[in-house]
Amino acid sequence: MTSSTESKHSNDESTDLEKQDAEESHGLPEERKQDIAAQLSSSDVQDPNLVDWDGPDDPANPMNWPKSKRLGHVVMASLTTLFANITSTAFAPAASSLEAEFGITSSITAALTVSIYLLGFAFGPLVIAPLSEHFGRLPVYRVCTVITVAFLIGCAQAKNLGMFLVFRLITGIAGSGPGTIGGGTIADVMAPENRGKAMGAFAMGPLMGPVLGPLMSGFIAQYLDWRWVFRVLCIATGVMTIVLYFVMTETYGPVLLKRKAARLRKETGNPDLHTKLEASGVSPLASLWMALQRPTKMLIFSPITLLLSLYCAFVFGLLILLFTTFSAVYRQQYGFNVSMGGLSYLGLGFGLAIGLVLFGMLSDKVAKKDSARSSEWKPEARLLLMVWFAPVIPGGFFWYGWTAYYKVHWILPMMGTSLIGMGALMVMMPIQVYLVDAFGPRVAASALAANTLLRSLAGCFLPLAGPSLYEALGLGWGNTLLGFIAIGFTCLPILFYRFGGKLRLRFPVTF
(Lines of atoms letter the chains of each structure in order from A and count residues from 1; the text may use other names and numbers.)
(Lines give C-alpha, C1' and ligand atoms only; values in the text may rest on other atoms or scores of the structure.)
Protein backbone atom coordinates (compact mmCIF):
# COMPACT_ATOMS: atom_id res chain seq x y z
CA MET A 1 0.00 0.00 0.00
CA THR A 2 2.73 2.42 1.01
CA SER A 3 4.94 1.49 -1.93
CA SER A 4 2.20 1.94 -4.52
CA THR A 5 1.27 5.32 -3.06
CA GLU A 6 4.95 6.32 -3.10
CA SER A 7 5.17 5.08 -6.69
CA LYS A 8 2.22 7.18 -7.81
CA HIS A 9 3.58 10.24 -5.97
CA SER A 10 7.04 9.73 -7.43
CA ASN A 11 5.68 9.41 -11.00
CA ASP A 12 3.59 12.57 -10.59
CA GLU A 13 6.59 14.42 -9.16
CA SER A 14 8.82 13.30 -12.01
CA THR A 15 6.26 14.51 -14.58
CA ASP A 16 6.08 17.90 -12.87
CA LEU A 17 9.85 18.15 -12.72
CA GLU A 18 10.16 17.37 -16.43
CA LYS A 19 7.67 20.10 -17.31
CA GLN A 20 9.29 22.67 -15.02
CA ASP A 21 12.79 21.88 -16.15
CA ALA A 22 11.83 22.07 -19.82
CA GLU A 23 10.13 25.40 -19.29
CA GLU A 24 13.05 26.74 -17.28
CA SER A 25 16.07 25.88 -19.34
CA HIS A 26 15.18 23.87 -22.48
CA GLY A 27 18.11 21.60 -21.68
CA LEU A 28 20.91 21.42 -19.17
CA PRO A 29 24.21 23.28 -19.40
CA GLU A 30 26.88 21.02 -20.82
CA GLU A 31 29.04 21.34 -17.68
CA ARG A 32 26.20 20.08 -15.49
CA LYS A 33 25.49 17.19 -17.86
CA GLN A 34 29.12 16.14 -17.57
CA ASP A 35 28.99 16.29 -13.78
CA ILE A 36 25.81 14.22 -13.66
CA ALA A 37 27.26 11.75 -16.12
CA ALA A 38 30.14 11.25 -13.70
CA GLN A 39 27.62 10.03 -11.13
CA LEU A 40 26.22 7.39 -13.46
CA SER A 41 27.59 3.97 -13.95
CA SER A 42 29.10 3.20 -17.30
CA SER A 43 26.32 1.54 -19.32
CA ASP A 44 26.67 -1.76 -17.61
CA VAL A 45 24.99 -4.08 -20.15
CA GLN A 46 26.33 -7.05 -18.20
CA ASP A 47 23.94 -6.21 -15.35
CA PRO A 48 20.48 -5.51 -16.77
CA ASN A 49 19.04 -5.45 -13.24
CA LEU A 50 21.09 -2.44 -12.15
CA VAL A 51 18.91 0.55 -11.24
CA ASP A 52 20.46 3.97 -11.90
CA TRP A 53 19.42 7.40 -13.13
CA ASP A 54 17.74 7.44 -16.53
CA GLY A 55 20.64 9.27 -18.19
CA PRO A 56 22.21 12.65 -17.36
CA ASP A 57 18.88 14.48 -17.90
CA ASP A 58 16.84 12.35 -15.47
CA PRO A 59 14.51 14.86 -13.72
CA ALA A 60 14.43 12.67 -10.60
CA ASN A 61 18.14 13.38 -10.04
CA PRO A 62 18.44 16.32 -7.59
CA MET A 63 21.10 17.82 -9.88
CA ASN A 64 18.33 18.24 -12.50
CA TRP A 65 15.66 19.72 -10.28
CA PRO A 66 14.39 23.18 -11.29
CA LYS A 67 16.73 25.92 -10.19
CA SER A 68 14.17 27.34 -7.75
CA LYS A 69 13.81 23.98 -5.98
CA ARG A 70 17.57 23.46 -5.75
CA LEU A 71 18.12 26.98 -4.41
CA GLY A 72 15.28 26.45 -1.93
CA HIS A 73 17.17 23.53 -0.43
CA VAL A 74 20.38 25.57 -0.29
CA VAL A 75 18.52 28.35 1.54
CA MET A 76 16.94 25.96 4.05
CA ALA A 77 20.25 24.19 4.73
CA SER A 78 21.87 27.60 5.25
CA LEU A 79 19.13 28.98 7.52
CA THR A 80 18.93 25.92 9.78
CA THR A 81 22.72 26.03 10.14
CA LEU A 82 22.58 29.77 10.87
CA PHE A 83 20.02 29.30 13.66
CA ALA A 84 22.07 26.49 15.23
CA ASN A 85 25.17 28.68 15.28
CA ILE A 86 23.33 31.72 16.62
CA THR A 87 22.44 29.47 19.55
CA SER A 88 26.12 28.74 20.18
CA THR A 89 26.96 32.27 21.38
CA ALA A 90 23.61 34.03 21.91
CA PHE A 91 23.85 33.14 25.58
CA ALA A 92 27.26 34.86 26.05
CA PRO A 93 25.97 38.36 27.04
CA ALA A 94 23.56 36.76 29.54
CA ALA A 95 26.11 34.41 31.11
CA SER A 96 26.83 36.77 34.01
CA SER A 97 23.19 36.64 35.19
CA LEU A 98 23.27 32.82 35.16
CA GLU A 99 26.56 32.91 37.09
CA ALA A 100 24.95 35.12 39.72
CA GLU A 101 21.83 32.92 39.98
CA PHE A 102 23.75 29.65 40.29
CA GLY A 103 26.66 31.06 42.33
CA ILE A 104 29.40 30.36 39.77
CA THR A 105 32.78 31.82 40.78
CA SER A 106 35.24 29.90 38.56
CA SER A 107 36.12 31.65 35.28
CA ILE A 108 36.60 28.25 33.59
CA THR A 109 33.14 27.06 34.65
CA ALA A 110 31.67 30.36 33.48
CA ALA A 111 33.29 29.96 30.05
CA LEU A 112 32.08 26.35 29.91
CA THR A 113 28.43 27.43 30.14
CA VAL A 114 28.89 28.99 26.70
CA SER A 115 31.41 26.63 25.10
CA ILE A 116 29.93 23.26 26.16
CA TYR A 117 27.45 23.70 23.31
CA LEU A 118 30.40 23.33 20.95
CA LEU A 119 31.42 20.10 22.66
CA GLY A 120 28.11 18.77 21.39
CA PHE A 121 28.97 20.22 17.98
CA ALA A 122 32.18 18.16 18.10
CA PHE A 123 30.74 14.71 18.73
CA GLY A 124 27.31 14.98 17.13
CA PRO A 125 28.67 14.91 13.55
CA LEU A 126 30.44 11.58 14.13
CA VAL A 127 27.03 9.91 14.27
CA ILE A 128 24.87 12.38 12.34
CA ALA A 129 26.92 12.44 9.11
CA PRO A 130 27.04 8.63 8.70
CA LEU A 131 23.32 8.38 9.48
CA SER A 132 22.60 10.90 6.70
CA GLU A 133 24.68 8.84 4.27
CA HIS A 134 22.76 5.70 5.23
CA PHE A 135 19.16 6.84 5.79
CA GLY A 136 19.20 10.12 3.85
CA ARG A 137 19.46 13.82 4.67
CA LEU A 138 15.78 14.60 5.35
CA PRO A 139 15.16 12.39 8.42
CA VAL A 140 18.31 13.79 10.03
CA TYR A 141 17.24 17.41 9.48
CA ARG A 142 13.82 16.72 10.98
CA VAL A 143 14.94 14.77 14.03
CA CYS A 144 17.79 17.16 14.88
CA THR A 145 15.65 20.31 14.72
CA VAL A 146 12.89 18.77 16.88
CA ILE A 147 15.42 17.67 19.52
CA THR A 148 16.99 21.14 19.45
CA VAL A 149 13.65 22.81 20.18
CA ALA A 150 12.93 20.37 23.03
CA PHE A 151 16.23 20.94 24.81
CA LEU A 152 16.17 24.71 24.31
CA ILE A 153 13.04 24.54 26.45
CA GLY A 154 15.05 22.47 28.92
CA CYS A 155 17.81 25.11 29.07
CA ALA A 156 15.25 27.84 29.70
CA GLN A 157 13.72 25.87 32.59
CA ALA A 158 16.97 24.54 34.15
CA LYS A 159 16.92 24.53 37.97
CA ASN A 160 20.66 24.15 38.60
CA LEU A 161 24.03 24.31 36.84
CA GLY A 162 24.32 20.56 36.23
CA MET A 163 20.91 20.41 34.57
CA PHE A 164 21.75 23.44 32.42
CA LEU A 165 25.08 22.01 31.23
CA VAL A 166 23.54 18.64 30.29
CA PHE A 167 20.66 20.25 28.38
CA ARG A 168 23.01 22.66 26.60
CA LEU A 169 25.33 19.80 25.61
CA ILE A 170 22.43 17.81 24.11
CA THR A 171 21.22 20.95 22.32
CA GLY A 172 24.69 21.24 20.79
CA ILE A 173 24.70 17.60 19.65
CA ALA A 174 21.34 18.01 17.90
CA GLY A 175 22.20 21.50 16.66
CA SER A 176 25.27 20.16 14.87
CA GLY A 177 23.03 18.26 12.44
CA PRO A 178 22.22 20.96 9.85
CA GLY A 179 25.82 22.19 9.71
CA THR A 180 27.12 18.65 9.36
CA ILE A 181 24.93 17.59 6.44
CA GLY A 182 24.31 20.99 4.85
CA GLY A 183 27.46 20.72 2.73
CA GLY A 184 26.28 17.28 1.62
CA THR A 185 22.92 18.74 0.63
CA ILE A 186 24.67 21.37 -1.48
CA ALA A 187 26.84 18.67 -3.08
CA ASP A 188 23.64 16.74 -3.88
CA VAL A 189 21.99 19.59 -5.79
CA MET A 190 24.80 21.80 -7.14
CA ALA A 191 27.51 21.01 -9.71
CA PRO A 192 31.12 21.51 -8.48
CA GLU A 193 31.80 24.57 -10.60
CA ASN A 194 28.73 26.33 -9.15
CA ARG A 195 29.11 25.42 -5.49
CA GLY A 196 31.13 28.46 -4.43
CA LYS A 197 28.19 30.86 -4.05
CA ALA A 198 26.00 28.18 -2.49
CA MET A 199 28.70 27.34 0.05
CA GLY A 200 29.14 31.07 0.67
CA ALA A 201 25.48 31.28 1.72
CA PHE A 202 25.91 28.15 3.81
CA ALA A 203 28.93 29.77 5.53
CA MET A 204 26.69 32.40 7.08
CA GLY A 205 25.80 29.77 9.67
CA PRO A 206 29.15 28.71 11.13
CA LEU A 207 30.73 32.15 10.71
CA MET A 208 28.02 34.82 10.98
CA GLY A 209 25.83 32.94 13.46
CA PRO A 210 28.23 33.29 16.43
CA VAL A 211 28.42 37.04 15.73
CA LEU A 212 24.69 37.61 15.31
CA GLY A 213 23.87 35.67 18.48
CA PRO A 214 25.30 38.17 21.01
CA LEU A 215 24.04 41.14 18.98
CA MET A 216 20.48 39.80 19.11
CA SER A 217 20.55 38.68 22.74
CA GLY A 218 22.43 41.55 24.37
CA PHE A 219 19.31 43.66 24.88
CA ILE A 220 17.24 40.63 25.95
CA ALA A 221 19.82 39.91 28.64
CA GLN A 222 19.83 43.56 29.74
CA TYR A 223 16.07 44.04 30.09
CA LEU A 224 14.77 40.49 30.76
CA ASP A 225 17.00 37.62 31.92
CA TRP A 226 19.08 34.73 30.61
CA ARG A 227 16.10 32.37 30.46
CA TRP A 228 14.38 34.58 27.90
CA VAL A 229 17.37 34.21 25.58
CA PHE A 230 16.59 30.50 25.31
CA ARG A 231 12.84 31.08 25.02
CA VAL A 232 13.35 33.40 22.04
CA LEU A 233 15.77 30.90 20.47
CA CYS A 234 13.21 28.14 21.00
CA ILE A 235 10.45 30.10 19.26
CA ALA A 236 12.67 31.02 16.30
CA THR A 237 14.00 27.47 15.88
CA GLY A 238 10.47 26.06 16.19
CA VAL A 239 9.21 28.24 13.35
CA MET A 240 12.19 27.17 11.23
CA THR A 241 11.45 23.51 11.98
CA ILE A 242 7.85 23.87 10.76
CA VAL A 243 9.01 25.52 7.52
CA LEU A 244 11.62 22.78 7.02
CA TYR A 245 8.98 20.04 7.28
CA PHE A 246 7.00 21.57 4.42
CA VAL A 247 9.82 22.76 2.13
CA MET A 248 12.62 20.17 2.15
CA THR A 249 12.60 16.75 0.44
CA GLU A 250 15.23 14.03 0.21
CA THR A 251 18.31 14.97 -1.86
CA TYR A 252 20.80 12.14 -1.29
CA GLY A 253 21.20 10.22 -4.57
CA PRO A 254 21.93 6.71 -3.21
CA VAL A 255 18.83 6.81 -0.98
CA LEU A 256 16.64 8.05 -3.85
CA LEU A 257 17.95 5.24 -6.06
CA LYS A 258 17.25 2.66 -3.34
CA ARG A 259 13.66 3.92 -3.21
CA LYS A 260 13.45 3.76 -6.99
CA ALA A 261 14.73 0.17 -6.99
CA ALA A 262 12.21 -0.84 -4.29
CA ARG A 263 9.39 0.74 -6.29
CA LEU A 264 10.44 -0.98 -9.51
CA ARG A 265 10.75 -4.35 -7.77
CA LYS A 266 7.15 -4.00 -6.62
CA GLU A 267 5.87 -2.75 -9.99
CA THR A 268 7.68 -5.30 -12.16
CA GLY A 269 7.76 -8.26 -9.80
CA ASN A 270 11.50 -8.61 -10.48
CA PRO A 271 13.23 -9.20 -7.10
CA ASP A 272 16.70 -8.97 -8.69
CA LEU A 273 16.56 -5.23 -9.38
CA HIS A 274 19.16 -3.40 -7.28
CA THR A 275 21.33 -0.30 -7.00
CA LYS A 276 25.13 -0.28 -7.13
CA LEU A 277 25.24 -0.02 -3.34
CA GLU A 278 22.91 -2.97 -2.90
CA ALA A 279 24.93 -4.95 -5.45
CA SER A 280 28.03 -4.64 -3.27
CA GLY A 281 26.76 -7.48 -1.10
CA VAL A 282 27.25 -5.45 2.08
CA SER A 283 24.42 -5.83 4.59
CA PRO A 284 22.56 -2.69 5.74
CA LEU A 285 24.00 -3.08 9.25
CA ALA A 286 27.56 -3.48 7.93
CA SER A 287 27.02 -0.50 5.62
CA LEU A 288 25.88 1.62 8.57
CA TRP A 289 28.90 0.53 10.64
CA MET A 290 31.25 1.47 7.78
CA ALA A 291 29.56 4.86 7.52
CA LEU A 292 29.89 5.47 11.27
CA GLN A 293 33.63 4.78 11.08
CA ARG A 294 34.25 6.94 8.03
CA PRO A 295 34.72 10.42 9.62
CA THR A 296 37.26 9.07 12.12
CA LYS A 297 39.08 7.09 9.44
CA MET A 298 39.31 10.18 7.26
CA LEU A 299 41.10 12.02 10.05
CA ILE A 300 43.53 9.11 10.46
CA PHE A 301 44.20 8.09 6.85
CA SER A 302 43.66 11.31 4.87
CA PRO A 303 46.34 13.96 5.51
CA ILE A 304 44.26 16.44 3.52
CA THR A 305 41.34 16.04 5.92
CA LEU A 306 43.51 16.03 9.05
CA LEU A 307 45.79 19.00 8.38
CA LEU A 308 43.23 21.30 6.80
CA SER A 309 40.75 20.45 9.57
CA LEU A 310 43.40 21.30 12.18
CA TYR A 311 43.92 24.70 10.54
CA CYS A 312 40.18 25.28 10.35
CA ALA A 313 39.85 24.22 14.00
CA PHE A 314 42.55 26.65 15.14
CA VAL A 315 40.93 29.57 13.30
CA PHE A 316 37.46 28.71 14.61
CA GLY A 317 38.83 28.32 18.14
CA LEU A 318 40.32 31.82 17.88
CA LEU A 319 36.94 33.22 16.87
CA ILE A 320 35.17 31.59 19.81
CA LEU A 321 37.95 32.77 22.15
CA LEU A 322 37.23 36.31 20.98
CA PHE A 323 33.46 35.82 21.35
CA THR A 324 33.85 34.69 24.97
CA THR A 325 36.28 37.47 25.96
CA PHE A 326 34.89 40.51 24.09
CA SER A 327 32.39 41.40 26.84
CA ALA A 328 35.07 41.41 29.56
CA VAL A 329 37.67 43.21 27.41
CA TYR A 330 35.35 46.03 26.36
CA ARG A 331 33.86 46.32 29.85
CA GLN A 332 37.28 46.59 31.51
CA GLN A 333 39.04 48.66 28.85
CA TYR A 334 36.19 50.89 27.63
CA GLY A 335 33.41 50.67 30.25
CA PHE A 336 30.79 48.96 28.04
CA ASN A 337 27.65 47.75 29.89
CA VAL A 338 25.75 44.50 29.09
CA SER A 339 23.60 45.90 26.26
CA MET A 340 26.53 47.81 24.75
CA GLY A 341 28.65 44.66 25.08
CA GLY A 342 26.78 43.15 22.16
CA LEU A 343 28.12 45.98 20.00
CA SER A 344 31.68 44.77 20.62
CA TYR A 345 30.97 41.94 18.17
CA LEU A 346 30.24 44.34 15.30
CA GLY A 347 33.83 44.58 14.08
CA LEU A 348 34.20 40.83 13.76
CA GLY A 349 30.77 40.56 12.17
CA PHE A 350 31.59 43.27 9.63
CA GLY A 351 34.81 41.48 8.68
CA LEU A 352 33.00 38.16 8.27
CA ALA A 353 30.35 39.87 6.12
CA ILE A 354 33.02 41.44 3.88
CA GLY A 355 34.74 38.07 3.59
CA LEU A 356 31.46 36.41 2.71
CA VAL A 357 30.81 38.89 -0.10
CA LEU A 358 34.36 38.52 -1.42
CA PHE A 359 34.15 34.74 -1.28
CA GLY A 360 30.84 34.70 -3.14
CA MET A 361 32.20 37.03 -5.83
CA LEU A 362 35.60 35.40 -6.30
CA SER A 363 35.45 31.71 -5.40
CA ASP A 364 33.91 30.21 -8.54
CA LYS A 365 35.61 32.71 -10.86
CA VAL A 366 39.09 32.15 -9.45
CA ALA A 367 38.64 28.36 -9.34
CA LYS A 368 37.37 28.17 -12.94
CA LYS A 369 40.14 30.45 -14.22
CA ASP A 370 42.84 28.50 -12.39
CA SER A 371 41.43 25.13 -13.53
CA ALA A 372 41.23 26.34 -17.13
CA ARG A 373 45.02 26.45 -17.27
CA SER A 374 45.13 22.67 -16.87
CA SER A 375 42.02 22.07 -19.03
CA GLU A 376 40.29 20.10 -16.23
CA TRP A 377 38.44 20.82 -13.02
CA LYS A 378 40.93 20.99 -10.17
CA PRO A 379 39.58 21.04 -6.58
CA GLU A 380 42.87 22.58 -5.38
CA ALA A 381 41.90 25.77 -7.22
CA ARG A 382 39.53 26.41 -4.31
CA LEU A 383 42.55 26.98 -2.03
CA LEU A 384 43.98 29.92 -3.97
CA LEU A 385 41.87 32.48 -2.05
CA MET A 386 43.13 30.91 1.17
CA VAL A 387 46.74 31.41 0.06
CA TRP A 388 46.07 35.11 -0.49
CA PHE A 389 44.09 35.87 2.68
CA ALA A 390 45.62 33.62 5.38
CA PRO A 391 48.21 36.31 6.42
CA VAL A 392 45.37 38.73 7.23
CA ILE A 393 44.51 36.82 10.43
CA PRO A 394 47.81 37.38 12.30
CA GLY A 395 47.82 41.01 11.18
CA GLY A 396 44.37 41.45 12.70
CA PHE A 397 45.46 39.94 16.02
CA PHE A 398 48.48 42.25 16.27
CA TRP A 399 46.24 45.25 15.56
CA TYR A 400 43.46 44.25 17.98
CA GLY A 401 45.75 43.24 20.83
CA TRP A 402 47.89 46.34 21.03
CA THR A 403 45.17 48.94 20.35
CA ALA A 404 42.99 47.37 23.08
CA TYR A 405 45.98 47.12 25.45
CA TYR A 406 46.73 50.85 25.12
CA LYS A 407 43.00 51.72 25.28
CA VAL A 408 43.05 53.51 21.95
CA HIS A 409 39.55 54.56 20.82
CA TRP A 410 37.29 51.48 20.78
CA ILE A 411 36.73 51.70 17.02
CA LEU A 412 40.37 50.75 16.36
CA PRO A 413 40.28 47.34 18.11
CA MET A 414 37.07 46.68 16.20
CA MET A 415 38.89 47.43 12.95
CA GLY A 416 41.49 44.85 13.96
CA THR A 417 38.79 42.26 14.62
CA SER A 418 37.30 43.09 11.21
CA LEU A 419 40.55 41.92 9.64
CA ILE A 420 40.43 38.76 11.75
CA GLY A 421 36.85 38.08 10.64
CA MET A 422 37.58 38.59 6.95
CA GLY A 423 40.70 36.43 7.10
CA ALA A 424 38.93 33.70 9.08
CA LEU A 425 36.14 33.40 6.54
CA MET A 426 38.60 33.30 3.64
CA VAL A 427 40.42 30.44 5.36
CA MET A 428 37.51 28.36 6.62
CA MET A 429 35.25 28.58 3.56
CA PRO A 430 37.84 27.44 0.97
CA ILE A 431 38.66 24.49 3.23
CA GLN A 432 35.02 23.39 3.43
CA VAL A 433 34.36 23.81 -0.29
CA TYR A 434 37.61 22.01 -1.09
CA LEU A 435 36.65 19.04 1.09
CA VAL A 436 33.28 18.80 -0.68
CA ASP A 437 34.84 19.06 -4.16
CA ALA A 438 37.78 16.77 -3.41
CA PHE A 439 35.74 13.90 -1.93
CA GLY A 440 32.42 14.28 -3.80
CA PRO A 441 28.78 13.83 -2.71
CA ARG A 442 29.24 10.22 -1.52
CA VAL A 443 31.43 11.11 1.48
CA ALA A 444 31.12 14.92 1.59
CA ALA A 445 29.11 14.80 4.83
CA SER A 446 31.74 12.58 6.48
CA ALA A 447 34.56 14.88 5.37
CA LEU A 448 32.73 17.87 6.84
CA ALA A 449 31.93 15.86 9.97
CA ALA A 450 35.63 15.18 10.50
CA ASN A 451 36.29 18.88 10.00
CA THR A 452 33.49 19.83 12.39
CA LEU A 453 34.80 17.44 15.07
CA LEU A 454 38.18 19.17 15.34
CA ARG A 455 36.72 22.62 14.78
CA SER A 456 34.18 22.24 17.56
CA LEU A 457 36.68 20.71 20.01
CA ALA A 458 38.88 23.75 19.46
CA GLY A 459 35.84 26.00 19.83
CA CYS A 460 34.99 24.34 23.14
CA PHE A 461 38.40 24.16 24.79
CA LEU A 462 40.57 26.95 23.31
CA PRO A 463 38.35 29.71 24.78
CA LEU A 464 38.88 28.23 28.24
CA ALA A 465 42.50 29.39 27.94
CA GLY A 466 41.51 32.93 26.97
CA PRO A 467 41.12 34.52 30.44
CA SER A 468 44.32 32.88 31.73
CA LEU A 469 46.23 33.88 28.59
CA TYR A 470 45.25 37.53 28.86
CA GLU A 471 45.85 37.54 32.61
CA ALA A 472 49.38 36.16 32.20
CA LEU A 473 50.51 38.04 29.07
CA GLY A 474 48.08 40.93 28.78
CA LEU A 475 46.01 41.83 25.73
CA GLY A 476 49.05 42.95 23.74
CA TRP A 477 51.39 39.99 24.06
CA GLY A 478 48.56 37.48 24.46
CA ASN A 479 47.12 38.34 21.05
CA THR A 480 50.61 38.63 19.58
CA LEU A 481 51.27 35.02 20.59
CA LEU A 482 48.07 33.93 18.85
CA GLY A 483 49.11 35.90 15.78
CA PHE A 484 52.51 34.19 15.59
CA ILE A 485 50.88 30.76 15.79
CA ALA A 486 48.55 31.82 12.97
CA ILE A 487 51.60 32.76 10.87
CA GLY A 488 52.89 29.20 11.26
CA PHE A 489 49.72 27.82 9.65
CA THR A 490 49.95 30.02 6.53
CA CYS A 491 52.23 27.51 4.79
CA LEU A 492 49.49 24.83 4.68
CA PRO A 493 47.33 26.34 1.90
CA ILE A 494 50.43 26.81 -0.27
CA LEU A 495 51.47 23.17 0.20
CA PHE A 496 48.02 21.76 -0.51
CA TYR A 497 47.48 24.06 -3.49
CA ARG A 498 50.64 22.68 -5.07
CA PHE A 499 50.55 19.04 -3.94
CA GLY A 500 46.90 18.37 -3.02
CA GLY A 501 46.20 16.50 -6.25
CA LYS A 502 49.07 14.08 -5.64
CA LEU A 503 47.97 13.55 -2.04
CA ARG A 504 44.42 12.72 -3.14
CA LEU A 505 45.80 10.02 -5.45
CA ARG A 506 48.20 8.77 -2.79
CA PHE A 507 45.56 8.61 -0.03
CA PRO A 508 42.19 7.87 -1.71
CA VAL A 509 39.06 7.49 0.42
CA THR A 510 37.95 3.95 -0.42
CA PHE A 511 36.29 3.10 2.90
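Counting begins at 1 with the first residue displayed.
Using N, Cα and C of the backbone, Cβ positions are placed for all residues, glycine too.
Annotated compositional bias 'Basic and acidic residues' per Swiss-Prot: 1-35, in sequence order.
In the three-state DSSP scheme, N337 (N-linked glycosylation site) is classed as coil. Annotated N-linked glycosylation site per Swiss-Prot: N337, in sequence order.
Residues annotated as region 'Disordered' in Swiss-Prot: 1-65.
The transmembrane segment annotation in Swiss-Prot covers 74-94 (among others) and is backed by sequence analysis. Outside the transmembrane segment (74-94), and at least 6 residues removed from its termini, the chain residues within Cβ reach (under 8 Å) are 113-114, 117-118, 121, 141, 145, 148, 152, 171-172, 175-179, 181-182, 185-186, 189-190, 198, 201-202, 204-214, 216-218, 220-222, 225-226, 229-230, 233, 236-237, 240, 243-244, 247-248, 320, 323-324, 327, 338, 341-342, 459.
Within the chain carrying the transmembrane segment (108-128), a Cβ under 8 angstroms from the stretch's Cβ atoms is held by residues 87-89, 91-92, 95, 98-99, 140, 144, 161, 164-165, 168-177, 179-181, 292, 295-296, 320, 323-324, 448-450, 452-457, 459-461, 463-464, 466-467, all 6 or more beyond its ends. Annotation comment: Swiss-Prot describes 108-128 (among others) as transmembrane segment.
Sequence annotations record features per position, and here Swiss-Prot assigns transmembrane segment to 147-167 (among others) based on sequence analysis.
Counting same-chain residues at least six beyond the ends of the transmembrane segment (169-189), those with a Cβ under 8 angstroms from any Cβ of the stretch are 62-63, 65, 70, 73-74, 77-78, 80-81, 83-85, 87-88, 116-125, 128-129, 132-133, 137, 140-141, 143-145, 147-148, 151-152, 154-155, 195, 198-199, 202, 205-206, 251-253, 432, 435-436, 440-441, 444-445, 448-449, 452, 456. The feature transmembrane segment is assigned by Swiss-Prot to 169-189 (among others), with sequence analysis given as support.
Summarising the annotation, Swiss-Prot assigns transmembrane segment to 201-221 (among others).
Annotated transmembrane segment per Swiss-Prot: 228-248 (among others), in sequence order, evidence recorded as sequence analysis. Note on the transmembrane segment (228-248): residues 72-73, 76, 79-80, 83, 86-87, 90-91, 94, 138, 141-142, 145-146, 148-149, 152-153, 155-156, 216-217, 220-221 of its chain, located 6 or more positions outside it, place their CB under 8 angstroms from a CB of the stretch.
Annotation comment: Swiss-Prot describes 303-323 (among others) as transmembrane segment, evidence class sequence analysis.
What Swiss-Prot records for 342-362 (among others) is transmembrane segment.
Summarising the annotation, Swiss-Prot assigns transmembrane segment to 383-403 (among others). Using a Cβ-Cβ cut-off under 8 Å and counting only residues 6 or more beyond its ends in the same chain, the transmembrane segment (383-403) has close neighbours at 315, 318, 351, 355, 358-359, 362-363, 366-367, 370, 412-413, 415-424, 426-427, 430-431, 434, 475-480, 482-484, 486-487, 489-490, 493-494, 496-497, 500.
The transmembrane segment feature in Swiss-Prot is assigned to 411-431 (among others); the stated evidence is sequence analysis.
Within the chain carrying the transmembrane segment (443-465), a Cβ under 8 angstroms from the stretch's Cβ atoms is held by residues 88, 108, 111-112, 114-116, 118-123, 125-126, 128-130, 132-133, 176, 179-181, 183-184, 187, 291, 294-296, 298-299, 305, 308-310, 312-314, 316-321, 323-325, 431-432, 435-436, 509, all 6 or more beyond its ends. Under the heading transmembrane segment, Swiss-Prot lists 443-465 (among others), citing sequence analysis as support.
Swiss-Prot lists 476-496 (among others) with the feature transmembrane segment, giving sequence analysis as the kind of evidence.
Just going by CB pairs under 8 A, the stretch in 147-167, 342-362, 411-431, 476-496 that sits most against the transmembrane segment (201-221) is 342-362.
Against the transmembrane segment (303-323), the recorded stretches 147-167, 342-362, 411-431, 476-496 differ in Cβ pairs under 8 Å, and the greatest number is found for 411-431. Taking a C-beta cut-off of under 8 Å and a sequence gap of six or more, N337 (N-linked glycosylation site) has these contacts in its own chain: Q222, R331. For the transmembrane segment (342-362), same-chain residues at least 6 beyond its ends with a Cβ under 8 Å from one of its own Cβ atoms are 93, 196-197, 200-201, 203-204, 207-208, 211-212, 214-219, 319, 322-323, 326-327, 329-330, 336, 385, 389, 396, 410, 413-426, 429-430.
Long-range contacts of the transmembrane segment (147-167) within its own chain (CB-CB distance under 8 A, at least 6 residues past either end) are made by residues 84, 87, 98, 102, 104, 109, 112-113, 116, 174-175, 227-228, 230-231, 233-234, 237-238, 241.
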